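Student: TrEMBL lists A:12-35, A:42-63, A:69-91, A:100-121, A:147-167, A:195-218, A:230-256, A:277-298 with the feature transmembrane segment.
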Amino acid sequence: MTNLAQLFFDAASLGGLYAMAALGIALIFGVMNLVNFAHGEYIAFCVFALIVPSTDAVAVMLLGRAPALLLVPLVLSLGAAIAIASEYAVFRHLRRADPVAMMISSFALGFVIRNALLAIYGGRPKAISLWPELNTPVAIVGADVPLLQLIVILTTLLVVAGLAGLLKKTRLGLEMRAAAENFTMARLLGVKANVVITGAFALSGALAAAVALIMATQTGVADVRMGGQIMLVAFIATVIGGLGSLPGAVAAGFLIGAASVLLQAFLPLDARPFRDAFLYSLVIVCLLVRPQGLFVPASAKPRV
Amino acid sequence: MPSQHAQNRLAAYSTPLILSAVLLAFVLLVVVLDDKALARTAAEALVRVTLVVGLWIFVGNSGVISFGHAGYMAIGAYCSAWLTLKPQSKALFLPDLPPWLMDAQWPVFPAAIASGLLAALVALLSGAAILRLSGIAASIATFAFLAIVNTVYSNWEGVTGATSSVVGLARYVDHWVALAWATAAIVAANLYANSASGLALRATREDEVAARASGIDMYRHRLWSLVISAFFTGISGALLGHSIGVLNPDSFYLGITFISLAMLVVGGIGSLSGAVTGVLLLSLLIELLVRAERGITVGGAEFALPSGSQEILIGVAMIVVLILRPAGLTGGREFKLRLSVPRIPLSQEPTSTN
């Protein structure tokens, strides 16, 4: 029989992963109304940066060989770099375009990154081992919890707390919140659009890199498609949370993680392969009940 | 001189004529060139015209981006497979089908219609819920719908063959069949867009609040357009299945969603002409790049693009178009004929072009 503590840790760690990915999307949506579909590809890019470029089935570590103290900041800045680069190359030229055109161009950018990775690394998933010792279970309150799950839960809490601090206490954070509230007004009051937007992209890319490190350790594979599934969930979480609301994105990320783990545990055996279908039906129901999301940011109210 | 309004109405009906003439010219060119590979490409491009025009009926008129249309496609494609495959092969690959479906062996045309109708029925049910939302929430809900369809079709072993492909579909869709359906979709799309419901829906696209204040029931018109749109999308799915001969749930997932939206946006989401232009141009570009990947000889020198560059270049082309022309190549305008027409009294509706 599955034990409750085990369920709790599973739900919290999966939810934490979703919450971090959702935060990455919500940050960018907040400042420029862009639904960034390329976010999943940032994650895949960071995973593949760990290994030597080749189409062989066995992966040789490149960055992945570096000690953790060096590796973590390196990958985080790599994630930030690709996000900033994509803003320079693509989204900067689309600031005046409507949200639909921006959304589609981010879809196209993701498509480009994914196919570039496919061309360089080949389509087969590769086995990688990044910090395998983190998957050894430790016993806590009667549950065998892999160390990694604890790290994920802790990291999420740290990231959320850090981000909250950044947004509340620093000048950049203040400007970002102002931009999320009313971008034109913020610019009129002297907020530099480029600084705020670049900052948001850098944070979002670093979050994608964090998700990438966790996923690589957890699954032990590098697959071009690994970003797609989590991007979809994160994207849904930002909408359920209330587009543009950061606490909402975190809450909804945890909610979806919990729902997913509970469905997996309590659905009858025959229905389990269809778990995702149930999960997404719940999403539609949730949207029907609260179309604006759980936490409605002030900027979401339509002005006539 | 007939009134400006009557002239506009007539001119609006000339759009499908021009578009189908372009498609017919395209097919005639293929027939004259008499190239097997080209004919196959042309048939696939025309199936995509049906798909993208189907998609446009909803997305273009309502302004709501739908990621769920690949789901309607899958529903149509599998429905046609259930109805047309030989009972023996169904007993082998899809053992859990209900008996009446197991024994069914319909001719292809009614099967295509049935596929469209099933997709339309599913659209009516799913749309009744999803379209209560608007804006980005509605788009996300369509995405959730796509994920639901994909999960169900990839796991329902005995009915859809799950991830192992369904094979042996009759490959009857050549460029003429595809042309006929593409033309039908274009005519239907034009008729809908110029109907009272289509005009009302476009008013909501331009300004939701003002349209609602003028007494337009946005929900009803969106639902109606989604049902028509899903009918043609379902048929395009059936056509795609019968042109490749193999069905797999993953061929109706993110890849086709991306490419169909790309075609729509590059051509110009605001107009039917834009939808058709986008399909033809991007199909042409894809074909050129695929050939370039295989290697082309120019002046005695052999050139070949590295493999994988086709997808990358398509993505880049899309981004460039969006940056330079955010409203698409046609910018939301239709191709129209400006004819000098005989005087029509204002009260009488013109029914067709001269």
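Cβ atoms here come from the backbone N, Cα and C positions, even for glycine.
Help me understand the surroundings of these features in the structure.
Tutor: For the transmembrane segment (A:69-91), same-chain residues at least 6 beyond its ends with a Cβ under 8 Å from one of its own Cβ atoms are 32, 34, 38, 42, 45-46, 49-50, 63, 102, 105-106, 109, 113, 197-198, 201-210, 212-213.
Sequence-distant contacts of the transmembrane segment (A:147-167) (same chain, six or more residues past either end, CB-CB distance under 8 Å): 9-10, 12-13, 15-17, 19-20, 23, 133-138, 140, 173-174, 176-177, 203, 207, 210, 214, 217-218, 246, 250.
When Cβ-Cβ distances below 8 Å are used as the criterion, the transmembrane segment (A:195-218) is approached by residues 17, 20-21, 23-25, 27-28, 30-32, 36, 39, 42-47, 50, 72, 75-84, 86-87, 91-92, 128, 130-131, 134-135, 148, 151-152, 155, 159, 163, 166, 172, 175-176, 179, 186, 226, 230 of the same chain, each at least six residues removed from its ends.
A Cβ distance under 8 Å defines the sequence-distant neighbours of the transmembrane segment (A:230-256), meaning residues of its chain 6+ beyond its ends; these are 11-12, 15-27, 29-30, 35, 37, 39-41, 43, 160, 163, 167, 180, 211, 215, 279-280, 283, 286-287, 290, 292-297, 299-300.
Long-range Cβ contacts of the transmembrane segment (A:277-298) within its own chain (Cβ-Cβ under 8 Å, at least 6 residues beyond either end) map to 30, 180-181, 236, 239-245, 247-248, 251-252, 256, 259-260, 263, 267, 271.
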Student: Is the transmembrane segment (A:12-35) packed against any residues at least 6 beyond its ends, judged by a Cβ distance under 8 Å, and which are they?
Tutor: 42-43, 91, 95, 99, 102-103, 106, 148-150, 152-153, 155-157, 159-160, 163, 176, 179-180, 183, 196-197, 200-201, 203-205, 207-208, 210-211, 214-215, 230-231, 233-235, 237-238, 241, 243-246, 248-258, 260-261, 297
